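What TrEMBL says about this one:
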REGION    37-63  region 'Disordered'
COMPBIAS  46-57  compositional bias 'Pro residues'
DOMAIN    71-149  domain '2Fe-2S ferredoxin-type'
DOMAIN    149-188  domain '4Fe-4S His(Cys)3-ligated-type'
DOMAIN    286-342  domain '4Fe-4S Mo/W bis-MGD-type'
Amino acid sequence: MGLGLLASKVRPTSRLFLNSPNPRNLFLRTITSKPELNKPEASAAPEPPPSDLPPRTPVAGARVHFSNPDDAIEVFVDGYPVKIPKGFTVLQACEVAGVDIPRFCYHSRLSIAGNCRMCLVEVEKSPKPVASCAMPALPGMKIKTDTPGAKKAREGVMEFLLMNHPLDCPICDQGGECDLQDQSMAFGADRGRFTEVKRSVVDKNLGPLVKTVMTRCIQCTRCVRFATEVAGVQDLGMLGRGSGEEIGTYVEKLMTSELSGNVIDICPVGALTSKPFAFKARNWELKGTETIDVTDAVGSNIRIDSRGPEVMRIVPRLNEDINEEWISDKTRFCYDGLKRQRLNDPMIRDPDGRFKSVSWRDALAVVAEIAHGVKPDEIVGISGKLSDAESMIALKDFLNRLGSNNVWCEGIGINTNADLRSGYIMNTSISGLEKADVFLLVGTQPRVEAAMVNARIRKTVRASQAKVGYIGPATDFNYDHEHLGTGPQTLLEIAEGRHPFSKTISSAKNPVIIVGGGIFERKDQDAIFAAVETIAKQGNVVRPDWNGLNVLLLHAAQAAALDLGLVPQSEKSLESAKFVYLMGADDVDLDKIPADAFVVYQGHHGDKSVYRANVVLPAAAFSEKEGTYENTEGCAQQTLPAVPTVGDSRDDWKIIRALSEVAGVRLPYDTLAAVHARIKTVAPNLVHVDEREPATLPSSLRPTFTKNIDTTAFGTAVENFYMTDAITRASKIMAQCSAMLLKK
């Protein structure tokens, strides 16, 4: 029976009611109440569980943390007793009991909407099925998840959801990983009864990253809640009502958030999919490799999905301590840069200025010969933003054996203090930021420097109304903040107690100070850090139980480089160099390199520095090698090879090891394990993979506070969020984002 026919049969009855002389009497309902319903604790006498119940494991290995054991309550799920903390919902209680409840609108990191009704279960003494995602669990509650009533309710909900859903599965990119497909198979009927015309919705343009097919949308509002709560942008909303209801932007605009790609993951159907990945591959054709991201210093956990030699897409991996289950758009969509502008073969520049391909033997022989013809103090080595710890220790050892100590990493200024780890890592830890109640951001714009750290700060501000003070150039934040000033002068005022925000810090329970990694490039960095530590001392920021003094680094290589001691010794070493070894260093000021210097470029992309190089040595990118990276909080993590290397390229440390042998200063390691043993002698924390090694000593051993600070305002460390390194600059998708989303 069609809905139109059904409505016509109902209409006369309602008219009869309204024309009645006393319609109020017709709508009276008798409500009866039982004493035990008012006191569920008394009514729920815990029944002894049957002795033959097998032990159950929680869904997806979930663990329950009881902050206060006295707050634990017991409920019964299908007769199985389970202890949960107060405040858990019925759905969470079922998950702890090992019962997976179907859901579309519910997401553990978003607010509860309760509008898809797929999670209906029966609760004893409840007259009808309840939405388990929105119902708090009460002591002694008896929940039934597999009764005929619950199954029939889910089947009915699924029938309504499929009523207007198009039969797009063969051409839908969500196919194979679609919640609607899975749940219609598990909980749906074997046939449909709807014969009317399905509604259709106009697709929205959300930008170059997210593809929309809004006819498939089931109005779960996950994307709306994510944009509002996590990303902090009011870009998406619900328009219309009834069958005309649809998700869209209120005005015709693009989705401009740096986290917009996450709506692809949380959309349970094929309404929001990846635009660059559209029609490229099916998910069952892909090989997944669990690795980490290197486009910033956060070290987000990712999975690289590849097919043959090509990276097809990048998706997030769950890590509660670092990125939860989100990643930034730069992390997710920079992968097409891995196959563009790649260096394939060793090359030497001819006298006429053209590169010609040569063998590895010839290229290394030329480099070794030049290196031996140069004075040791005229040899300089610079590692790039994406260098792993293995290659940096190899480069340092190689140049040390040639007699030079002029080796450093990009983004680290002259005389940076690398003696104490607490002076350059995030001591609070990324997840520890959630305990803070006051933030002071000094010269850092976390939204573009480390999007996942910014998401944590926003989460804390929303949850506990933490106050945020910011010193730096005017920038865009997605949470409430107070712009205190633009330069070190404001920092001095707070340090001397002349600024109102100094009282805010001293009265806070867990204050946090975050200093931007761009400070390392300033000549007055010691004075700035001394001022920051004065504020920390006065505000009790560093205590035995709390260390709120943090540095937010900019690049994936920075923390490991500081651990290994890759710090520039002299300001003029590059200007007087005759032999310069650039290992993936593309943001070096090439004008400082003398015209007669011999430049070796070892890297994976034909980026800026290649134009100045005399010899080019092709290296492997992060997706093609096993390498150790340390993130900004001091946690060492490893990349794993997802695809084979391009052309004749090799791992960075292997190239330097081969070069050392040709140059007659052979390095004493041939395997990755031997390199790790060497790293262990310099920085033991780098070999403890997936462990965060906290700093042992406080950084307060620096020079005492002085007032000779350069009053120049803090600069912007990241000009273009979408293009920060060789991989992202080679990406066509990132170029589209820069052109469309950064337009003023």
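Glycine residues also receive a Cβ, built from the backbone N, Cα and C atoms like all the rest.
A mean pLDDT of 93 is what the model gives for the domain '2Fe-2S ferredoxin-type' (71-149).
Helix, strand and coil counts under DSSP for the domain '4Fe-4S His(Cys)3-ligated-type' (149-188) come to 27 helix, 0 strand, 13 coil. Residue counts for the domain '4Fe-4S Mo/W bis-MGD-type' (286-342) under DSSP, helix first, then strand, then coil, are 11 helix, 23 strand, 23 coil.
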